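**Student:** Below you will find the structure I want to go over with you.
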Amino acid sequence: MVGTAGGGAEEAVRRWVEAGGGRLVLDGGLATELEANGADLNDPLWSAKCLLASPHLIRKVHMDYLEAGANIIITASYQATIQGFESKGFSKEQSENLLTKSVKIAQEAREMFLKEHLDQSIPAQKPILVAASIGSYGAYLADGSEYSGDYGEAGTVEFLKDFHRRRLQVLAEAGPDLIAFETIPNKLEAQAYVELLEECNIHIPAWFSFNSKDGVNIVSGDSLIECATIADKCAKVGAVGINCTPPSFIHGLILSIRKITDKPILIYPNSGERYDGEKKEWVESTGVSDGDFVSYVSEWCKDGAALIGGCCRTTPNTIRAIQRTLNQGSNTLQLPVA
């Protein structure tokens, strides 16, 4: 694990990106692949349900993404919270152990992958990293509010800090390489995360990833510029970006983020489909094929994205195609210099 003691979160992320040849590839949709492997995720815990019932499937999906060319695998903790596990009858200690387990499963998958590819040079040369996922309070609610940012009376910084504090501490103690604050839907939660990173004295590089439904603001209507500025001012945040957003919006969003930060930019869009919070399903008619998704990759690189992957409804085939595109363009695509 690389902490921030050697020069800060941004510097740590940049070292990893440089070691990866100027770009790093993130994995794709975890829940998408768990379901493809037979998991039933119709539960408020969503993909975290597999921490209880089928951890072997999580490990398999991590391995599938590594085989597809991912440099970063994201843990099955997006919707895993102490409060969520306790509502299922687990004790606080058992709940914390399940959070730790999400990181350990990803680390085990990395060890298995490296062992299997011991004779090959690519895994030895390029970083293989584990990012501990922290989903928003809205993800815990499992009512689609991570796609609206409307938390009602719970929408205060202090409430959100209290909700996330122990979860962040437990995940950090498990020893991931990165902390991934994902699908951040409003400015309040971004501020809560920044304050928690400082108050909990977290020394693991973090990334902040927001989501947008209009290509201009984040889903709550808060200004992306203001949200990215919060992340930019925090020394413990090593990268800033966008996830779970249609690919067609990414170009403009990257350009907006670049106006206010020199930190590495990460983007991992969804397939372009829209999540219906009431029906709890994805509306497929707006999706794009792997080929259409990957057709954007070169543009995103030229815009300044340093870490690229997929989110909901993307698959190992998507990640394989991204990696292939980056390899083909490696002689012409350069990492932006701060």
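Numbering starts at 1 and runs along the chain as it is shown here.
Cβ coordinates are placed from backbone N, Cα and C, and glycine is handled just like the others.
Automated prediction, rather than curation, is the source of TrEMBL annotations.
From a predicted model like this one, the values you see are computed outputs, not experimental measurements.
Okay, so TrEMBL annotates it like this:
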BINDING   Cys244, Cys311, Cys312  Zn(2+) binding site
DOMAIN    12-326  domain 'Hcy-binding'
**Student:** If one looks at the chain holding Cys244 (Zn(2+) binding site), which residues at least 6 apart in sequence have a CB under 8 angstroms from its CB?
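**Tutor:** Set apart from Cys244 (Zn(2+) binding site) by at least 6 residues yet with Cβ under 8 Å, we have Tyr147, Glu182, Thr183, Asn211, Tyr268, Pro269, Asn270, Cys311, Cys312.
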**Student:** Taking Cys311, Cys312 as the binding-site residues to compare, which has the smallest set of other Cβ atoms within 10 Å?
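**Tutor:** Each of the binding-site residues Cys311, Cys312 was scored; lowest Cβ tally within 10 Å is Cys312.
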**Student:** What mean pLDDT does the predicted model reach across the domain 'Hcy-binding' (12-326)?
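**Tutor:** That region's mean pLDDT is 91.
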**Student:** Relative to the mean position of the Cβ atoms of Cys244, Cys311, Cys312, the recorded Zn(2+) site, which additional same-chain residues have Cβ within 8 Å?
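**Tutor:** Sorted by sequence, the hits are Gly29, Thr183, Asn211, Asn243, Thr245, Tyr268, Pro269, Asn270, Gly310, Arg313, Thr314.
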